[in-house]
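Visitor: One structure follows; several queries about it will come next.
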Amino acid sequence: LSCASCENAACPAIGLPCKPSEYVYTPCGCCPQCPLELGQPCGSFTQRCQFDLWCLRRKGNKIEAYKYVPWHLDFKGVCARVDV
């Protein structure tokens with residue numbers, strides 16, 4: 001992943017209505033977006049899930065969950081609640 005300067009970023013319109021205090025940012029950190037909701041697909045190159053959710057996937061008998069999915073992983077999951 002190579003990030004250009006945010007000065008020239010063409011940010012997409014913010015999707016679902018959310019408060020500015022809830023904004024999360026695209027992987028390069030330039031564009032504010034609303035966080036993903038329960039059940040929405042998430043991964044390395046999406047915005048984060050809502051603050052009380054994790055990006056989760058099942059892999060065989062194992063469950064992997066990330067609060068902040070590292071950009072360098074090939075990770076695709078679904079926003080879900082996780083009891084730790």
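Backbone N, Cα and C atoms are what each Cβ position is placed from, and that goes for glycine too.
Note that the structure is a prediction, hence the values are computed from the model and not measured.
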Visitor: Based on the record in Swiss-Prot, give the one of C6, C11, C18, C28 in a disulfide bond with C3.
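Guide: In Swiss-Prot, C3 forms its recorded disulfide with C28.
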Visitor: If you check Swiss-Prot, which of C6, C11, C49 bonds to C30 via a disulphide?
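Guide: Recorded partner, per Swiss-Prot: C6.
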Visitor: Which candidate, C11, C49, C55, does Swiss-Prot give as the disulfide partner of C31?
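Guide: Partner cysteine, according to Swiss-Prot: C11.
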Visitor: According to Swiss-Prot, the disulfide involving C49 connects it to which residue among C18, C79?
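Guide: Looking through C18, C79, the record in Swiss-Prot gives C79 as the partner of C49.
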Visitor: Looking at Swiss-Prot, which one of C18, C55 makes a disulfide with C42?
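Guide: Record-based pairing for C42: C55.
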Visitor: List, in sequence order, those disulfide-bonded residues among C6, C11, C49 whose Cα sits within 10 Å of the Cα of C42 (disulfide bond).
Guide: C49
Visitor: List the Cα distance (Å, whole number) between C79 (disulfide bond) and C55 (disulfide bond).
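Guide: Pair distance, Cα basis, whole Å: 5 Å.
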Visitor: Looking only at C-alpha atoms, tell me how far C11 (disulfide bond) is from C34 (disulfide bond), rounded to the nearest Å.
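Guide: Their Cα atoms are separated by 13 Å.
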Visitor: When you put C34 (disulfide bond) at the centre and draw a 10 Å sphere around its Cα, which of the disulfide-bonded residues C6, C49, C55 have their Cα inside it?
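Guide: Neighbours among disulfide-bonded residues, in sequence order: C49.
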Visitor: Between C6 (disulfide bond) and C31 (disulfide bond), find the distance joining the two CA atoms and give it rounded to the nearest Å.
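Guide: Here the two Cα atoms lie 8 Å apart.
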